Amino acid sequence: MVINQKNLSSPVAPYDKSGSQSSTKADIPSINYTVDHSFQKRETSGKELSEATPQVTQSLSNQLILTTLNDLYNWARLSSLWPLLYGTSCCFIEFASLLGSRFDFDRFGLVPRSSPRQADLIITAGTVTMKMAPSLVRLYEQMPEPKYVIAMGACTITGGMFSTDSYSTVRGVDKLIPVDVYLPGCPPKPEAIIDAVIKLRKKVAQEDFVERNNFRQIHRYYSISHEFKSSSTVHTGKYLQSSERKSPPKELSEATGIPIQFILKNTQKTEIQP
């Protein structure tokens with residue numbers, strides 16, 4: 001498009017007595033527009049085309065970040081793991097000390113949440129009982145995908161000292177929910193919790209966005225079931241209603257020389273006057 005401008009240096013129209021600018025048709029500068037529709041085709045050789053292509057220089061590479069959507073997605077998730085506050089025993093005391101300024105686990109992007117709807121990491125700190133097992137499974141199912149589990153402490157992993165003869169302890173939380181990182185100890189130190197979080201971050205960084213459903217753990221009930229042996233009841237409660245339980249034995253009265261049975265009978269018959 002070619003624009004020809006003429007008479008642009010003409011004087012400005014004078015003002016009248018009222019202050020408005022008086023203008024006539026002859027005073028307005030005329031502008032003529034002529035459009036050139038002819039396109040010239042030129043042949044570009046291979047040498048000229050290579051010179052026109054921008055080259056990646058050192059200054060340009062320092063200003064650009066080249067990555068994939070998969071790496072960006074994993075980086076965003078591993079930098080903002082929000083754990084659910086779930087503690088059932090003494091291991092949670094060590095996890096609570098991690099919240100302080102000495103260890104400062106906020107530098108890893110961990111924000112503790114009290115709602116499973118807003119958390120993507122649950123750290124089972126402490127012993128899991130059979131009455132607590134349905135609640136734990138419900139909390140895990142309410143967490144949005146993708147979600148991760150860290151089993152903290154010996155009682156959570158194998159039952160700990162309650163694994164031998166306890167009737168109410170779950171022998172391993174992996175019977176209920178899938179576990180990503182096992183953290184042994186009784187209880188583990190806050191430094192060990194940080195190391196477990198770092199290992200979980202490395203696992204998240206290696207995941208694939210497209211094939212993440214293929215690596216989901218579905219075998220939850222992996223460990224062996226409880227093996228109990230039935231035996232006769234030791235205490236039935238009937239011994240509390242026996243006559244020997246209500247009255248002291250004869251040997252006690254003979255040893256002390258005091259007729260205890262006679263005194264107890266008299267005290268039961270006497271009435272306290274108001």
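Cβ atoms are placed via backbone N, Cα and C, with glycine included.
The [4Fe-4S] cluster binding site annotation in Swiss-Prot covers CYS90, CYS91, CYS155, CYS186, and the record cites sequence analysis as its basis. Of all Cβ atoms in the protein chains displayed, 11 besides its own lie within 10 Å of the Cβ of CYS186 ([4Fe-4S] cluster binding site). In the three-state DSSP scheme, CYS186 ([4Fe-4S] cluster binding site) is classed as coil.
Positions annotated as compositional bias 'Polar residues' by Swiss-Prot: 1-10 (among others).
Sequence annotations record features per position, and here Swiss-Prot assigns compositional bias 'Polar residues' to 18-27 (among others).
If you look up Swiss-Prot, you'll see 1-27 marked as region 'Disordered'.
Of the chain residues outside the [4Fe-4S] cluster site list CYS90, CYS91, CYS155, CYS186, SER89, ALA125, GLY126, THR127, MET152, GLY153, ALA154, THR156, GLY160, GLY185, PRO187 have their Cβ within 8 Å of the site's Cβ mean position. Following the DSSP three-state reduction, the secondary structure of CYS155 ([4Fe-4S] cluster binding site) is helix.
The binding-site residues considered are CYS91, CYS155; of these, CYS91 has the fewest other C-beta atoms within 10 angstroms of its C-beta.
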